[in-house]
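Structure record follows, encoded as structure tokens.
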Amino acid sequence: MHNISAKKFLGYLKNKCLEFGVKVIEGNPAYTSIKCPNCGSRLSQLYKLADERALPSRLMYCFDCGFYADRDTVAVFNLIKRFTGLYPFSPKSNEPIAEGTVFPDEAMG
């Protein structure tokens with residue numbers, strides 16, 4: 001399945017859902033990875049240090065509540081909240097951030 005396009009996969013998924021009587025809800029994923037699913041604030045992208053340079057990572061961080069996660073995970077959380085009104089599980093905002101992570105203001109200054 002790793003060689004098929006997203007459109008083909010969605011078609012396959014819709015057919016399987018129809019076969020088993022599962023309702024499919026499609027939504028617009030635009031901007032779902034920049035809003036904190038925990039408090040609703042705008043997220044900032046974290047940076048990693050590599051060879052004296054700050055490179056963008058996939059981690060998104062909320063300076064208001066301390067939530068952080070991979071940007072794809074953030075998008076999934078926000079889509080679940082949008083369509084169900086439920087948060088998938090409690091964020092672990094008190095866990096330590098990965099070693100070598102640099103916050104945006106540290107990377108730019």
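Quick reminder: no glycine exception, Cβ is built from N, Cα and C everywhere.
According to Swiss-Prot, the protein carries these features:
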- CYS36, CYS39, CYS62, CYS65: Zn(2+) binding site (BINDING)
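Comparing the binding-site residues CYS36, CYS62, CYS65 by how many other C-beta atoms lie within 10 angstroms of each C-beta, the top residue is CYS36. Secondary structure at CYS62 (Zn(2+) binding site), taken from DSSP and collapsed to helix, strand or coil, is coil.
CYS36 (Zn(2+) binding site) falls outside any helix or strand according to DSSP and counts as coil. Around the Cβ of CYS39 (Zn(2+) binding site), the number of neighbouring Cβ atoms within 10 Å comes to 13.
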